[in-house]
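Inspection log for the structure reproduced underneath, given as structure tokens.
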Amino acid sequence: MAREKEMQEFTRSFFRGRPDLSTLTHSIVRRRYLAHSGRSHLEPEEKQALKRLVEEELLKMQVDEAASREDKLDLTKKGKRPPTPCSDPERKRFRFNSESESGSEASSPDYFGPPAKNGVAAEVSPAKEENPRRASKAVEESSDEERQRDLPAQRGEESSEEEEKGYKGKTRKKPVVKKQAPGKASVSRKQAREESEESEAEPVQRTAKKVEGNKGTKSLKESEQESEEEILAQKKEQREEEVEEEEKEEDEEKGDWKPRTRSNGRRKSAREERSCKQKSQAKRLLGDSDSEEEQKEAASSGDDSGRDREPPVQRKSEDRTQLKGGKRLSGSSEDEEDSGKGEPTAKGSRKMARLGSTSGEESDLEREVSDSEAGGGPQGERKNRSSKKSSRKGRTRSSSSSSDGSPEAKGGKAGSGRRGEDHPAVMRLKRYIRACGAHRNYKKLLGSCCSHKERLSILRAELEALGMKGTPSLGKCRALKEQREEAAEVASLDVANIISGSGRPRRRTAWNPLGEAAPPGELYRRTLDSDEERPRPAPPDWSHMRGIISSDGESN
């Protein structure tokens, strides 16, 4: 309770000093209170309480201003200001004060009224002395803004941010009002002039001045008004950025990011409005006299540019999908996906083009016109070219895919196994085996394989049998080849290895009638020993042939 009382006293004393409401925000009040109380931060409940107290003080200020309006009515009547359709005494009083100060405080407005009115009236006041019609127009605009500003004040259920918009309404409300009719500035100007002429009955001197001003310095005043509106738009943007920063701080506490998106939309509308104004100003400088044409062009420039920008984007997306269709195997379904993707890109390009300058819009329009002029025959040629390209690419793609296709398709064709051996992975493993110093008959080794996966597994097994460990590489293969050559050399030099080893089969004797193969050790010993120790073979037995052949040619 003590802290709440302290906050209440602080807000009362703070608003008694009449602060500048056009730049005042909740975060500024919070910082001032922290500096006043000497604390580093506030709790969320304290922040809400401080917001509520600030809103109460603002409502009290409005009540006090309503009481002081009646006193100021006499002053504005004495100042001989022309009566306006919406004669707000508070606005009249402020205009009187600003003119008495001779426009010196245009940038820092008086603090007797809400900031939405003050910003408009203070910036338009130097032009009012030269052109009373402009003054009446500014007053009408501000009266519309006040009507919109009073709505959130009447609704007590709305959030504190929306009430803050109502009190500091210029930063939020004015872009929305202008968004409703961005290209109808000249129409509102005419209406304002007609109403001001009907209402101005008494001063004859002022009407004469108006006629002179209209005849002599019409173009100069219009250019001045345009420059003033540009300054207003710049100030609006600055204030919008400040309000966005506050919203970010508050949203970080609450976790709600919706207001920021709203303010971004308003900033877009303000930029669109500024681009329309620049167009209309350029046309006036060039000397376009027809005001109706200006209205039509300004009103339809945004919509037409958005509408005309669609066909080139769609055409580009169609060409892209046609080119992609030849490269891919499944054409129609992926074309639909591509066209679906093309729509959001078209929307995004439309948004960027709206935010861009008028030169970008004109270049887009020229491009669209050139595309539409070059339509018909050239477009058909383009489509024919793209279809030819896609058919060519489809042929090459189908041939390569058939080479890498399923094993069933390969089994039905002649020489399909040979094509499988040309697979890059198979060729690489063959090169590794060759680098290891081994030579294999791949026709026998890979003849029974149906797919390149089987070939790869067989070749990897061969590499492992040769002694390859891990992923094969040419460096490992060279090292393995050296090891194998070294082992072969050692084996050839080892005598015991030669005798016992089963190398290439050699023919030791022409024919052994006994059918007994002599052991290899016996053969080696026979060559080393002397002739005496060699066993003699038994003499042949010819007894069974004695009756057939006799030595003397006679038979018994």
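Backbone N, Cα and C atoms are what each Cβ position is placed from, and that goes for glycine too.
Owing to the predicted nature of the structure, the values given are computational and were not obtained by experimental measurement.
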Annotated phosphoserine residue, as Swiss-Prot has it, among S98, S269, S416: S98
Phosphoserine according to Swiss-Prot, picked from S13, S27, S136, S349: S27
Listed residues S22, S104, S551, with the one flagged phosphoserine by Swiss-Prot: S551
S40, S301, S372, S502 - residue that Swiss-Prot labels as phosphoserine: S372
